[in-house]
Each structure stands twice: as C-alpha cells, then as structure tokens.
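Database features (Swiss-Prot):
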type	residues	note
BINDING	ASP71, ASP73, ASP75	Mg(2+) binding site
BINDING	CYS72, CYS88, CYS95	Zn(2+) binding site
Amino acid sequence: MRPNFSKGLLPAIVINEETKEVLMLAYMNEEAYEKTLKTKKTWFYSRSRQTLWNKGATSGHVQHVKSLYLDCDQDAIVITVNQVGVACHTGEKTCFHHKII
C-alpha cells in the first residue's frame, strides 16, 4: 500500500516511539516520502520555502525512523521515530507544548 499523493502534500504526524508523545506535524510530498524510506531519517516539504528539508540536518536533532503508518484513505502518515535532542525549532521537546484544556 502506498500513499496517495494525487492532491500534492500529505500531513505527517511524528511520534516518539518510546514515549508515544506527538512531536510534530509536517508535510510530505512524494520525494520527501521516498527519501524518508531510503535514508530512514525524516524528510519533509516546506510549504513556505517550497523545498525539501531533512529534520535535524542543521540542528543535529535528527529523527531516526522506526515505522510508518498510512491511514485508511492513504492521505495521512504517522511516523514513529527515535528523536535525538528536541523536536521543536523553539527548543521545546515537542511542538505541541501549549496546553489548551
């Protein structure tokens, strides 16, 4: 089974394999997906810069891919990772650190 990239980008939810914490949400195009499969490190597509980026390439906070899951409609991906360092560019452990309720 493969993701359906017919509409372009797919949301990719990244989860810490050990703690099950949601670390971040990013977007993948087909090229980012293929690079992720090949390298076993996360690659995403930046909507603002319109280019691929490898998580941790600059900061060293890489994500080693442990598994990928595809949803029932083949239009969303969950990636479990071994996170090195923090996930959020703000320096927080996770991008989801603002509790609402």
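Glycine is no exception: its Cβ is also placed from the backbone N, Cα and C atoms.
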Around the Cβ of ASP75 (Mg(2+) binding site), other Cβ atoms found within 10 Å total 15
Across CYS72, CYS88, CYS95, listed as binding-site residues, the smallest other-CB tally within 10 A is for CYS72
Reading the DSSP string in three states, the entry for ASP75 (Mg(2+) binding site) is coil
One should report the C-alpha separation between CYS88 (Zn(2+) binding site) and ASP73 (Mg(2+) binding site), rounded to whole angstrom, as 28
Quick note, ASP71 (Mg(2+) binding site) and CYS95 (Zn(2+) binding site): C-alpha atoms separated, nearest Å, by 22
Cα of CYS95 (Zn(2+) binding site) to Cα of ASP75 (Mg(2+) binding site), in Å and rounded, measures 22
Cβ density check for ASP71 (Mg(2+) binding site), other Cβ within 10 Å (all protein chains) comes to 13
Surrounding the recorded Mg(2+) site, with Cβ no more than 8 Å from the Cβ centroid of ASP71, ASP73, ASP75 and those residues left out, we find ASN4, LEU10, LEU70, CYS72, GLN74, ALA76
Going by C-beta under 8 A and a gap of 6 or more residues, the same-chain neighbours of ASP73 (Mg(2+) binding site) are ASN4
